[in-house]
Amino acid sequence: MSLLKTVICVLWAVCVGQTAGSQNGPNIIIMLMDDMGWGDLGVFGEPSKETPNLDLMTAQGMLFPNFYTANPLCSPSRAALLTGRLPVRNGFYTTNAHARNAYTPQEIVGGISQDEILLPELLKKKDYVSKIIGKWHLGHRTQYLPLKHGFDEWLGSPNCHFGPYNNSVRPNIPVYNNSEMTGRYYEEFEINVKTGESNLTQIYLKEGLDFISQQAMAQRPFFLYWAPDATHAPVYASERFLGKSQRGRYGDAVMELDDSIGQILAHLVSLGIQNNTLVFFTSDNGAAVMSGPHQSGSNGPFLCGKETTFEGGMREPAIAWWPGRIPAGTVSYQLGSVMDLFSTSLSVAGVLPPDDRVIDGLDLSPVLFNNSLLDRPIFYYRGNQMMAVRIGQYKAHYWTWSNSWEEFNMGINFCPGQEVPGVTTHTPEEHTMQPLIFHLGHDPGERYPISVQSKEYRDVHRQVTAVVEKHLKDLIPGMPQLNMCDLAVMNWSPPGCERLGKCLKPPQSNPWKCDWPH
């Protein structure tokens, strides 16, 4: 770089840094990974130590070993993050079958309800500019897309990057630039399933860096929801990272995401706005261990993985970073939830949450700034069923289920190598009268239920019973949005397809009740 260019860049960064403090509120960046497991981070003991930037982020910020998603599957957990509400309240569940996980595949008719108020809609009260980069997954029909729910900008996709598909039977997934598609996966946005090569993470990184620069220059507070999906099967990475990990292709994807996160944090520092920016890193659910070792990550010492309400399905890696505000190198044992990002973001932005609905997320500001501990339970839901609850170090299972015998006998295993008799059951088993209780400090793998004959069991049972009874008494479920499917609503002709000449003819509408096997 020439001396003149260097001087210009330095002066620009200084100028931006001097004006950052005049913003109405701090910038907010939520980095949500897709199926990344608790055990994928070096700071949590991953032996290959291939996440140096996330480990450095931890050293400069606050680590949460006890952080949870609100559901063990992509769509409901994302709906919970953006609404601050359990999926059973915001409608991201099904009543078609008991305790079934449901999400938003192409054939889903529903999506995020118009009655829900999303985080970017509320941040507009303080003049925030909001952008989502990556996977949306809250419904792909026009009325459900991000720009209809508070986001100002979007680059990414409404669905997972499954495919490639035969467009006469099932269309490839569109990629949007704001309110119109700009191409499709496996067409304009190539993902080589054989080699695992794709530039999508690099595209999402550049888009994030550019957005941050633009808002810093405009001196406007921003909310960036950075949601890449490279660690969701089929996993992918760009050429520079392929073959570099000791962990195979999945590790390549993790290395590229780690590098991207490092670049985003460094960019904030180079612009001089790091002291006015809260960054939170986490994942939408546990590692998808049913995808096998080449396509999934690690849940560390925890039981099972994605789609289950065991710890491996719902305990997530989580790091908060805000230089000058969050004490560096701290560990919080707070029981946290992805729904807390909603309430905490509103708090730091100076926006009151809606007062006409139950908000399940807590404001973690006292935790972030003073390392306080807030008393709260964690509820583990699978579809319409509360499966378990955690209070302190204790977790009580009221229902257990991994996946069905039919799937298991076909080689689909949600708990490979971790079968625990009487715990990882292959039929939904009710324990309402006598829940299985574990001490997660002593037994993070949920292998040794506390004896029902012990005083410890009786004391914990009494405590959790009161919490659960109050929760269920006050619970008013939302209207389920994930009950109906129809091939006609798939991504045949998304907005913008005419301009690209990529509109496809849909089949005749023939709705049916969605079948959710898990």
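Glycine residues also receive a Cβ, built from the backbone N, Cα and C atoms like all the rest.
As written in TrEMBL, here are the features:
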{"type": "DOMAIN", "residues": "26-351", "note": "domain 'Sulfatase N-terminal'"}
{"type": "BINDING", "residues": "Asp34, Asp35, Cys74, Asp284, Asn285", "note": "Ca(2+) binding site"}
{"type": "MOD_RES", "residues": "Cys74", "note": "3-oxoalanine (Cys)"}
{"type": "ACT_SITE", "residues": "Cys74", "note": "active site, nucleophile"}
{"type": "CARBOHYD", "residues": "Asn199", "note": "N-linked glycosylation site"}
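Counting Cβ atoms from all protein chains shown, Asn285 (Ca(2+) binding site) has 32 others lying within 10 Å of its own Cβ. Looking only at Cα atoms, the residue listed as 'N-linked glycosylation site' sits nearest to Asp35 among the binding-site residues Asp35, Asp284, Asn285. Each of Met33, Met36, Leu73, Ser77, Asp229, His232, Ser283, Ala288, Lys306 belongs to the same chain as Asp34, Asp35, Cys74, Asp284, Asn285, is absent from that list, and has a C-beta within 8 angstroms of the C-beta centroid marking the Ca(2+) site. Among the binding-site residues Asp34, Asp35, Asp284, the residue whose Cβ has the fewest other Cβ atoms within 10 Å is Asp34.
With a 10 A radius on its CB, Cys74 (Ca(2+) binding site) counts 27 other CB atoms from all the protein chains. In the predicted model, the domain 'Sulfatase N-terminal' (26-351) shows an average pLDDT of 98.
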